[in-house]
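> What TrEMBL records for 1-156 is domain 'Glycerol-3-phosphate dehydrogenase NAD-dependent N-terminal'. The NAD(+) binding site feature in TrEMBL is assigned to Gly5, Ala6, Gly7, Ser8, Trp9, Gly10, Ala137, Arg252. According to TrEMBL, the NADPH binding site annotation covers Ser8, Trp9, Arg29, Arg30, Tyr46, Lys103, Ala137, Arg252, Glu278. As annotated by TrEMBL, sn-glycerol 3-phosphate binding site applies to Lys103, Gly133, Lys188, Asp241, Ser251, Arg252, Asn253. Residues or ranges marked as active site, proton acceptor by TrEMBL: Lys188.
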Amino acid sequence: MAVLGAGSWGTTFAKILTDGGADVVLWARRPELAREISEARRNSDYLPGVNLPIGLRATSRLDLALAGAEMVFVSVPSQSLRENLKQVEPYLAENAIIISLMKGVERSTGMRMSSVIEEVLRIDPDRIAAISGPNLALEIAKEQPTGAVVSSSSLETAQAVAKLATNRYFRSYINTDVIGTEFGGVLKNLIAVAIGIVDGVGYGENTKASIITRGLVEMTDFAVAYGAQAETLAGLAGLGDLIATCQSPLSRNNTAGRLLGQGYSINDVVKQMQQTTEGLASVKPVLELARAKGVEMPIVEQVRQVLDGTLNPRDIAPHLTTDSGEPQGERTLDDAQAHGGASLWGAFQRTFDQLRHGRRSAGGPRP
Ligand SMILES: NC(=O)C1=CN([C@@H]2O[C@H](COP(=O)(O)OP(=O)(O)OC[C@H]3O[C@@H](n4cnc5c(N)ncnc54)[C@H](O)[C@@H]3O)[C@@H](O)[C@H]2O)C=CC1
Ligand SMILES: O=C(CO)COP(=O)(O)O
């Protein structure tokens, strides 16, 4: 099988698969990196101090990486997926399964990665899977035990991929909720940026816990509005990843937020980040998608304002934003499920607000 993209996650995932017994070729754009991985068994820029398994081969030639590969795992920056897939297509084995390891949406279209794969390669969605979960690459590369979720519209595909993506330190669960699984990975990045900002400003645990908790509701509302199951967001690809990314200094999204909170401009932050920080590119498309479904996302909205320089990071307090100033009910995930889905409950709440205030409610928080 092939893994495309030899950054932190692609290399780590190639190690996971190799350690699980699979025959893996890792594609790196740069020949010198492919050589380092093959010969020195290292990827020193992305995974310092990690020894890569002996069976793992690397190449900078796409044709060689893809020759006969029945499964192709893709881990390039989300904004480059489309152009990469166009190069991949001529070499793709018939009936190959394509698995996205990425956690972004395409900025120009708002599309999830599996949708971009389906559109560009024109393949049956049953041949596409997405993997997500609390998966900070460096921890896994050091073989610290971790779980993830493999999601595909085909249970058979999810099972086949999960069997291979399992070893003594990595366990793959399965589901068929691709929308929830992918949006979980995208949205937790945005909450992690908010948490980073809060850290950078110097606020403490109460503020962070409030934002994480309300962030999960915000993520669930959004994902359910697009057809996800609320329970997926309460699982590894939602809550699990949210905790890992918000807590860890290894997280690039969290780190980018921390720099913003310390007063650096977005341009300075982008210059300092050596690795892919998906959250920064996802803010605008996610807000556009939210608006299209009438979902309110006060946390992501305030992250946008900090990125745009229109909100002082010290004023970040999205969970305190209130439309009416009146006490709000705390709706939790259980409430969302009991009411038949978060988006339905959100719509009910907005209608109620409109009736009460005799106007369209805009920008305020949900209960
Ligand atoms: N690092 C992590 O802990 C995890 C990352 N992810 C996701 O994996 C995806 C990849 O992230 P990382 O590996 O962490 O990023 P990275 O920044 O470590 O590596 C990205 C790789 O893609 C290459 N690249 C950059 N532009 C490219 C282009 N136009 N075409 C082809 N290759 C290009 C870079 O040279 C590098 O090898 C992201 O969507 C990220 O959200 C998911 C789970 C964990
Ligand atoms: O997705 C990740 C952990 O699950 C990696 O997070 P960052 O992209 O913020 O480093």
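Cβ from N, Cα, C; glycine included.
Note that TrEMBL annotation is computational and uncurated.
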> Out of Gly7, Arg29, Gly133, Ala137, Ser251, Asn253, which binding-site residues lie by ligand 1, with a C-beta less than 6 Å from some atom of it?
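Close enough to ligand 1 are Gly7, Arg29, Ala137.
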> Among residues Ser8, Trp9, Arg29, Arg30, Tyr46, Lys103, Ala137, Arg252, Glu278 annotated as binding NADPH, what is the maximum Cα-Cα distance? Answer in Å.
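Result: 23 Å between the two most distant Cα atoms.
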> What's the longest C-alpha separation between any two of Gly5, Ala6, Gly7, Ser8, Trp9, Gly10, Ala137, Arg252, the listed NAD(+)-binding residues, in angstrom?
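Among the residues the record ties to NAD(+), max Cα distance equals 17 Å.
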> Using Arg29 (NADPH binding site) as the reference point, find which of the binding-site residues Ala6, Gly7, Ser8, Lys188, Arg252 has the shortest Cα-to-Cα distance to it.
Ala6
> Near ligand 2, meaning Cβ under 6 Å from any of its atoms: which of the binding-site residues Gly5, Ala6, Tyr46 fit that description?
none
> Between Tyr46 (NADPH binding site) and Gly7 (NAD(+) binding site), what is the CA-CA distance rounded to a whole number of Å?
6
> Tell me the coarse DSSP state (helix, strand, coil) of Trp9 (NAD(+) binding site).
helix
> Where's the emptiest Cβ shell within 10 Å among the binding-site residues Gly5, Gly7, Gly10, Gly133?
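Among the binding-site residues Gly5, Gly7, Gly10, Gly133, the sparsest Cβ neighbourhood within 10 Å belongs to Gly7.
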> Looking at the binding-site residues listed here (Lys188, Ser251, Glu278), whose Cα lies nearest to that of Gly5 (NAD(+) binding site)?
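Smallest Cα separation from Gly5 (NAD(+) binding site) among Lys188, Ser251, Glu278: Glu278.
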> So, in DSSP terms, is Lys103 (sn-glycerol 3-phosphate binding site) helix, strand, or coil?
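Coil, per DSSP.
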> Rounding to the nearest whole angstrom, report the longest C-alpha distance spanning Lys103, Gly133, Lys188, Asp241, Ser251, Arg252, Asn253, listed for sn-glycerol 3-phosphate.
16
> Could you give the Cα-Cα distance between Lys188 (sn-glycerol 3-phosphate binding site) and Ala137 (NAD(+) binding site), in whole Å?
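Each residue's Cα considered, Lys188 (sn-glycerol 3-phosphate binding site) and Ala137 (NAD(+) binding site) end up 16 Å apart.
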> Cα within 10 Å of Glu278 (NADPH binding site) is the criterion; apply it to the binding-site residues Ala6, Gly7, Gly10, Ser251, Arg252 and give the hits in sequence order.
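Taking Ala6, Gly7, Gly10, Ser251, Arg252 one by one, the ones whose Cα falls within 10 Å of Glu278 (NADPH binding site) are Arg252.
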> Is it possible to get the count of other C-beta atoms within 10 angstroms of the C-beta of Arg252 (NAD(+) binding site)?
23
> Cα of Ser8 (NAD(+) binding site) to Cα of Asp241 (sn-glycerol 3-phosphate binding site): how many Å, rounded?
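That comes out at 17 Å between the alpha carbons.
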